[in-house]
């Protein structure tokens with residue numbers, strides 16, 4: 001088991017290496033004038049050249065790449081040419097916000113999607129199934145940013161139940177940082193008031209993010225359940241007098257979830273990359289918003305680093321999913 | 001005293017795209033404790049549907065019971081609702097199916113699956129666990145586990161106390177079928193329905209499983225319906241045999257009577273199609289023709305279109321006549337010849 | 001003999017088509033999807049022509065008539081420049097749909113080439129191409145598209161290239177898998193046995209047989225491509241006004257919520273309906289053309 005984990009972790013390294021190469025090529029080969037943009041419209045030629053020298057942008061591309069990668073090995077993600085802050089510091093500040101958002105969205109999607117998919121399969125080809133089918137296609141088709149705007153219009157502007165955007169009131173002190181997740185930190189500190197506040201800020205962006213994975217998990221779960229219900233062992237269980245409730249909730253559920261699990265892993269990556277839009281709509285201070293502002297400024301280091309971190313997280317989550325799969329499916333575990 | 005199982009004139013239609021297929025038309029069969037009935041016939045003749053009907057595992061619709069009764073200890077199961085039917089499954093009727101690799105849930109330990117069946121059966125009869133009805137959850141669970149281990153030992157799983165916590169894929173095919181037999185017997189059923197229990201197994205393992213079945217009948221005082229397409233299996237195992245063709249039983253009776261004196265042309269054809277050492281090379285005979293379309297079956301005897309003895313009188317539904325004690329044949333031509 | 005074989009093949013194909021069409025008609029949702037897509041295509045062709053205020057589509061403004069609420073004259077109201085929102089939404093259809101189609105088309109062509117090369121050749125070519133596709137799949141596609149689009153600068157063509165660059169790996173994986181499977185089929189072995197060149201085997205025998213899953217993926221991807229185009233517009237890295245684009249319209253209208261909600265809601269709804277239609281249709285097509293994927 002430990003060996004398996006170790007080997008999988010070793011396999012991440014070449015992937016990360018590949019990611020840096022691709023992002024570097026994109027950022028350097030494509031046209032664009034980051035130095036000019038960063039220096040501002042009134043900068044003189046000398047100022048621009050000085051800036052380029054300061055950030056090593058006058059070096060040949062291989063040299064620049066070497067500097068970046070050797071920095072990475074020491075946990076140095078480079079410096080933003082625009083904010084002049086180390087990218088690692090920014091990431092440390094923004095990443096927890098994004099992760100909190102993504103995990104909340106995934107949690108909603110799983111908690112609602114799995115039972116709903118199970119129900120759709122049980123009532124297959126009857127109205128709950130048809131309804132869930134239409135709704136899930138609609139959910140997949142809904143642009144997240146438009147859904148976010150509608151939620152804002154409804155719950156923040158008209159009903160005024162929830163805050164319009166942001167992560168925590170500026171005038172208040174966020175809960176003491178342990179995990180970086182405000183909700184969990186508030187619970188750890190036993191501060192129920194902060195917890196409620198954090199949840200109110202989290203609610204709309206998390207729902208807007210969750211809809212599409214929810215629908216996909218629902219459909220996957222439905223298909224998997226229908227397939228499992230047709231297996232011989234379900235007939236045997238029925239023939240030997242087990243109650244339908246026991247069959248569905250104990251025997252079918254476990255098998256169906258294990259086949260939906262891989263999908264959840266894939267969706268995690270999709271969600272991480274897709275926070276950009278929701279973070280923009282809700283002013284959520286995460287890496288998506290950070291990457292967007294960096295992209296607009298053609299500020300290269302943050303973009304490469306965000307892509308790298310998201311890629312690494314994506315792979316790690318899928319390793320975790322592989323391990324979980326082994327826990328649920330004994331056949332894999334013993335091989 | 002009512003028979004253990006009595007199927008009377010069972011008719012079953014299957015509604016499909018092409019119309020209603022009359023898949024069972026007048027199945028009559030009676031099984032007593034201690035008897036092992038072999039139900040033989042080719043694929044699609046309705047033998048599996050007959051077995052599933054006893055447990056009411058045929059989905060209605062698309063299926064529909066148009067006539068007949070299935071009496072289990074005198075109660076017609078066709079009139080029972082689902083909860084009362086569930087009380088019979090596992091407890092009164094045990095079932096074993098063909099493929100031991102797909103009939104055990106791969107994601108759960110053997111113990112979990114056996115204990116759940118035992119607990120379900122004990123809900124309807126607490127004596128199964130040897131506990132008073134008032135026993136607590138934990139006590140029942142422990143008793144069910146002990147019962148599971150005893151049952152596995154009985155069906156010949158070595159070292160059952162440790163193997164009980166293994167997963168299905170850790171057992172060989174034959175061992176898995178033993179586990180399934182243990183699972184079917186854990187509720188101490190009166191009737192065991194075994195649907196092709198040895199078809200998916202190696203020949204050497206087949207014989208062991210059949211011996212185990214025979215042994216279980218004497219130990220547990222059950223009646224068995226053994227569904228198979230293999231007359232050899234029947235000859236080796238059963239006390240009685242019923243031959244089915246296209247949804248009806250054409251000949252039935254004690255094994256010795258039927259096998260030494262087969263009367264129905266279909267039974268004869270079946271027996272000629274068995275390869276034996278004493279049959280000369282090239283003398284093995286197949287049966288020309290194909291199974292009839294059950295949406296529009298031939299009127300009268302369904303075997304008539306393939307039958308070498310067919311006569312005008314075959315256009316009426318054949319009545320059974322008793323050829324010898326308990327040996328019944330549904331063929332007017334043979335009947336006429338017998339009485340002549 | 002050969003002729004009879006061919007005509008048999010043709011009639012079998014016609015029979016399969018008839019069946020497919022029957023199955024498609026059975027599903028009411030796919031029919032609704034087809035109708036919605038037909039509407040979208042109609043507006044793609046005629047939206048700009050039929051717009052009630054074509055001068056607004058071309059960038060004309062009517063400052064005396066800013067932010068008027070939906071009325072008979074302006075069913076979707078007017079925006080901050082007094083432009084008719086209905087006209088802009090109608091004229092936005094061809095922009096989004098053609099961009100979405102271009103993305104899916106370029107992405108699928110690239111993906112088919114890569115996937116076919118990898119699957120057909122195997123060996124190190126397969127290894128290199130597939131490792132590369134996997135890498136691209138690991139990258140967050142939206143951020144990648146944003147980065148490329150920002151570097152290339154605003155513009156319709158640049159935006160399409162940027163999205164398509166992030167789009168092909170999915171097709172490459174799909175096609176490679178299908179080619180690997182098809183390579184083992186008897187008809188391919190037969191074609192090889194009678195001496196067909198590898199090129200001919202690939203293009204005449206293998207690729208025509210993997211068209212269905214690619215078409216299904218294209219139809220399912222169409223909606224997502226339109227969404228991605230709109231997303232880039234919304235972020236502000238895509239086409240620029242006055243080109244009428246739904247995502248851009250939405251991002252501008254955002255600052256005028258909640259009082260002038262119509263400027264945001266109608267472009268958003270148009271986007272949603274177009275994507276919904278393509279997704280329903282794609283689902284139906286998958287059920288019909290790719291029965292293996294059907295559950």
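Cβ from N, Cα, C; glycine included.
Predicted automatically and left uncurated, TrEMBL annotations should be read as such.
Look at TrEMBL and you will find A:9-30 (among others) tagged as transmembrane segment.
Under the heading domain 'ABC transmembrane type-1', TrEMBL lists A:95-325.
Positions annotated as transmembrane segment by TrEMBL: A:101-123 (among others).
Among the features that TrEMBL reports, transmembrane segment is placed at A:144-164 (among others).
The transmembrane segment feature in TrEMBL is assigned to A:201-221 (among others). Same-chain residues lying 6+ beyond the ends of the transmembrane segment (A:201-221) with a Cβ under 8 Å from its Cβ atoms: 100-102, 104-106, 108-110, 112-114, 116-118, 120-121, 132-133, 135-137, 139-140, 142, 144, 147-148, 151-152, 155-156, 162-163, 166-168, 182-183, 256-257, 259-260, 263-264, 267, 270-271, 274-275, 278-279, 281-282, 284.
Residues or ranges marked as transmembrane segment in TrEMBL: A:260-282 (among others).
The annotation transmembrane segment is assigned in TrEMBL to A:302-328 (among others).
Ranked by Cβ pairs under 8 Å to the transmembrane segment (A:9-30), the stretches A:101-123, A:144-164, A:260-282, A:302-328 are led by A:302-328. With Cβ pairs under 8 Å as the measure, the transmembrane segment (A:101-123) is packed most heavily against A:260-282, out of A:144-164, A:260-282, A:302-328. Beyond the ends of the transmembrane segment (A:302-328), by six or more residues, the same chain brings 4-5, 8-9, 12, 15-16, 19-20, 23-24, 27, 68, 72, 77-78, 80, 87-88, 90-91, 95, 99, 254, 257-258, 261-262, 264-266, 268-269, 272-273, 287, 290-291, 294-295 to within a C-beta distance below 8 angstroms of the stretch.
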